[in-house]
Every structure is written in C-alpha cells, then in structure tokens.
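According to TrEMBL, the protein carries these features:
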type	residues	note
TRANSMEM	103-121	transmembrane segment
DOMAIN	103-258	domain 'Sodium/calcium exchanger membrane region'
TRANSMEM	133-155	transmembrane segment
TRANSMEM	167-190	transmembrane segment
TRANSMEM	202-225	transmembrane segment
TRANSMEM	237-256	transmembrane segment
DOMAIN	297-439	domain 'Sodium/calcium exchanger membrane region'
TRANSMEM	298-316	transmembrane segment
TRANSMEM	328-355	transmembrane segment
TRANSMEM	361-386	transmembrane segment
TRANSMEM	398-416	transmembrane segment
TRANSMEM	422-442	transmembrane segment
Amino acid sequence: MDYKVQVGVQSHLEMGPLDDRTMEDLDDECLFPSEMDAQKTQSVDPNQHISVSGSLPFNGNKMTRNGVYKSIKTVVFSNKLNLLMPFGPLAILVHKMTDSNGWVFFLSLLGITPLAERLGYATEQLAFFTGPTVGGLLNATFGNATELIISIYALKSGMKRVVQLSLLGSILSNMLLVLGCAFFCGGLAYHGKEQVFSKATAVVNSGLLLMAVMGLLFPAVLHYTHTERHAGKSELALSRFSSCVMLLAYAAYLVFQLKSQTDHYVPLGEEVNQNGENLDNNDDDEDEAPEISKWESIIWLLIMTVWISILSDYLVDTIEGASDAWDVPIAFISVILLPIIGNAAEHASAIMFAMKDKLDISLGVAIGSSTQISMFGIPFCVVIGWMMGQEMDLNFQLFETATLFITVIVVAFFLQEGTSNYFKGLMLILCYLIVAASFFVHEDPPTDDQSKQPGT
C-alpha cells in the first residue's frame with residue numbers, strides 16, 4: 001500500500017500541478033477517496049459552496065495570466081535571434097525623425113528577420129495538430145508569407161520589377177542556398193553515409209518547377225523576338241492566361257498531394273530510419289511535443305503577419321533610397337538580400353530537419369517552397385496586379401529567366417538519385433554564390449513602366 005501511494009504521489013509531482021489543489025488534497029484523494037468524499041459531503045454547507053464558486057473567477061484569471069506569460073516567454077524570449085526585434089520599432093522611429101532611407105531599410109530588414117523566423121516557428125507548432133502533409137503545406141505557405149506581403153506592398157506602389165526580382169530571388173534562395181545548407185549540414189551530421197529521400201516528391205516538384213520556367217520563358221521569348229500579334233498587349237494577355245493555368249495546376253497538385261497519392265509522400269523516416277533501425281522513434285516523439293497550443297499558434301501567426309506587413313511597407317518605400325545610398329543595384333537587393341531575410345524560417349527548419357535525419361521534410365520545405373512561389377506566388381501576384389490595374393506580367397527579362405532555367409536544371413540533376421551528402425550541399429551553396437555575384441554586377445535594363453533606377 002505504501003509503495004502504491006509513493007508511486008501515485010511521485011507521478012503527480014513529475015507531471016506538475018494540474019490545477020490549484022494542494023498536495024494534501026491529492027494525498028487525500030489517493031489514500032481515502034471514498035471516505036473523504038463522504039466526509040466532504042457531510043461537512044460542506046451552502047456558505048462554503050458560495051466561497052468556492054466565488055474564488056473560481058480569480059483562479060481563472062490567474063491561470064489566464066500565467067498562460068499568456070508562458071506563451072510570450074516561449075515565443076519571444078526563447079530565441080536569441082529575437083534580440084533583433086527592437087530594430088523594427090526603431091526603423092519606424094528613424095523614418096519619422098529623419099530622411100535616411102538607407103538606415104530605415106537596413107533597420108526594417110533586421111526587424112523582419114526574427115519575425116520571419118518566429119512565423120515559421122508558430123507554423124511548426126500549428127503543424128503538430130495537423131497531419132504531416134498538411135503540416136508541410138502550412139510550413140511552405142507561411143514560410144512564404146513574408147515574400148508575398150512584401151510583393152503586394154510593392155505592387156501597390158507600382159514597383160513591378162521589385163516584385164518580379166524578389167519572387168525570383170526567393171526561388172533561387174530556396175533551391176540553392178536553403179537546400180544546399182540542408183544537404184551540407186545533414187551530410188556533416190551523418191558523414192559516414194548518404195542520406196536518402198523520396199524520389200517521388202523530388203520528381204513531381206522538379207516537373208512543376210520546369211512548368212513554371214515554361215510559363216516565364218514564353219512571354220520573355222515573345223518580347224525579345226518581337227513576334228507579338230498586338231504589340232504591348234499579347235505579352236500581357238499571355239502572362240495572365242498562363243498565370244491562371246499555373247494556379248489551376250497548383251490546385252490540382254494540392255489535391256493530388258493531399259488526397260490521391262498520400263501514401264507516395266510518406267517520409268521515409270516514418271517507416272524506417274536512414275540506418276534501417278527504429279531505435280530513436282520514441283525519443284523523437286518525446287522531443288517533438290508542441291510547446292504552445294493550437295489557438296496560441298494561430299494568434300501568434302496573426303500577430304507576426306500583421307507586424308511583418310507594417311515593416312514591409314517601410315521596407316518597400318525605402319528600397320530605392322537604400323540602393324542610391326549604398327550604391328548597390330536594386331536587382332541585387334531584391335534577388336539576394338530580401339529573400340535571405342524572407343527565407344529565414346525555411347533556412348532554419350530545413351537545416352534542423354536535415355540534422356535530425358529527416359531529409360524528406362527538409363526537401364518539402366526548400367523545394368516545396370520554391371514550387372509554391374513559382375506556381376502560386378508569381379501567378380497570384382499577376383492576378384492581384386490585374387485587379388489593381390497594374391500590368392504585372394511573366395516577362396522576367398532574359399537574364400533572370402535564363403538564371404532560373406539553369407538553376408532548375410542543376411537542382412533536378414542533384415535530386416534525381418534520391419540521395420544527398422555534404423558535397424552536394426557544398427556545390428549548391430557555391431552555385432548560389434555565383435548567382436549572387438552575377439546579380440551584383442548585373443544592371444537591370446530600364447523599361448517604360450519600371451521604377452527609376454540609380455544612375456538612369
């Protein structure tokens with residue numbers, strides 16, 4: 001009897017207090033449940049009932065305050081990157097007090113960085129309450145929320161070229177930098193072998209990326225070959241039609257992934273780990289318990305999205321001034337700097353999962369995000385621009401379209417074997433450095449509807 005009592009009390013201590021009851025109440029319930037119930041029934045009078053019920057609102061408010069404090073502590077104060085959060089309000093203050101666009105852009109960029117990462121964190125917490133497929137879709141969707149928000153504000157300001165370049169840069173960053181870092185870090189963590197991932201996912205995503213390249217290529221070829229039937233109109237009409245087709249294809253892909261072929265997209269690690277053993281499955285499940293509740297995740301997603309929207313407005317308004325002040329091409333800022341900040345969530349998630357030997361999830365975050373931007377983000381911006389009266393099209397210019405085409409081909413070759421190692425990751429990172437250097441020396445050709453460039 002004593003041993004059972006000790007075990008019962010110890011289990012309560014390990015689990016922590018479930019409510020405001022004292023340990024004496026727990027002991028009473030464990031030792032003499034029936035007798036204590038009888039005594040309480042005899043000794044409790046109506047006045048005592050009133051006092052207990054009167055204390056419930058106080059205890060409820062106390063628990064609510066404790067829950068809010070715990071949520072804020074978990075989301076805001078648990079990551080060192082959040083030390084950059086004060087730069088967001090500082091950017092707004094500098095914008096109100098001075099005309100230094102370079103500093104406002106720089107501070108806004110720093111302020112958005114932790115918000116993008118926390119947005120990814122809240123998405124991952126919400127994914128615990130959904131299935132793995134829906135969770136991967138949520139990660140890709142909210143991971144790209146920063147780029148889409150910046151793009152919508154840029155479209156509103158008539159900066160079509162910034163929208164095109166930032167979305168293109170996000171695709172390049174995910175395919176080369178994020179995936180490369182995931183392969184590299186995962187390869188170093190498991191340097192004695194090659195990590196494997198599902199070929200089915202890689203093949204379907206590669207096909208969708210090639211379809212996106214097709215959608216971007218034909219308007220550019222039509223423009224540079226001067227073969228339009230209606231000058232200035234055919235290119236825009238083709239872009240809008242292609243965008244609708246790409247959105248339809250992406251919707252069909254979602255149905256295919258979520259409904260028809262879910263068994264083909266089960267991560268390999270759920271059946272057997274990379275070493276052919278199942279020894280760590282229980283430990284992984286214990287380590288991956290959600291830290292915040294479902295509704296807390298949704299509330300934090302809304303808060304982060306609104307705050308990113310506010311800073312994105314300042315970021316877009318000062319991008320040209322920053323280009324002038326730093327003597328850096330807008331193309332380099334849009335293709336390289338903005339996507340690195342926007343992809344902070346994908347970058348951290350892909351590396352973390354790769355180092356846990358869950359490369360299918362890393363691939364879904366990196367390549368899945370690129371697929372979503374190319375097949376949904378870009379066509380979506382074309383349609384939104386259509387509604388706004390902005391002539392947003394799919395002609396990304398020859399240099400940018402060629403860069404995307406070569407990148408998709410290179411990544412498709414790296415994915416065709418279904419294996420990865422640190423050398424493949426290093427090659428992808430080095431390819432991204434070449435792309436970054438190319439855009440640093442590239443001068444974007446001026447167009448009639450393009451925003452004013454430095455030196456033009």
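Including glycine, each Cβ sits where the backbone N, Cα and C put it.
Just so you know, TrEMBL annotations never went through curation; they're auto-generated.
By the Cβ criterion (under 8 Å, sequence separation of 6 or more), the transmembrane segment (422-442) is not in contact with the transmembrane segment (237-256), since fewer than 3 such pairs are found.
When the domain 'Sodium/calcium exchanger membrane region' (297-439) is classified with DSSP, helix, strand and coil residues number 120 helix, 2 strand, 21 coil. Below 8 angstroms of C-beta separation, residues 81, 109, 112-114, 116-117, 119-121, 123-124, 139, 142-144, 146-147, 150, 161-162, 165-166, 168-170, 172-174, 177-179, 181-183, 185-186, 189, 195, 315, 319-320, 322, 361-362, 365-366, 369, 400, 435-436, 439-440, 442-444, 451, 453-454 of the same chain, each at least six residues beyond the ends of the transmembrane segment (328-355), sit close to that stretch.
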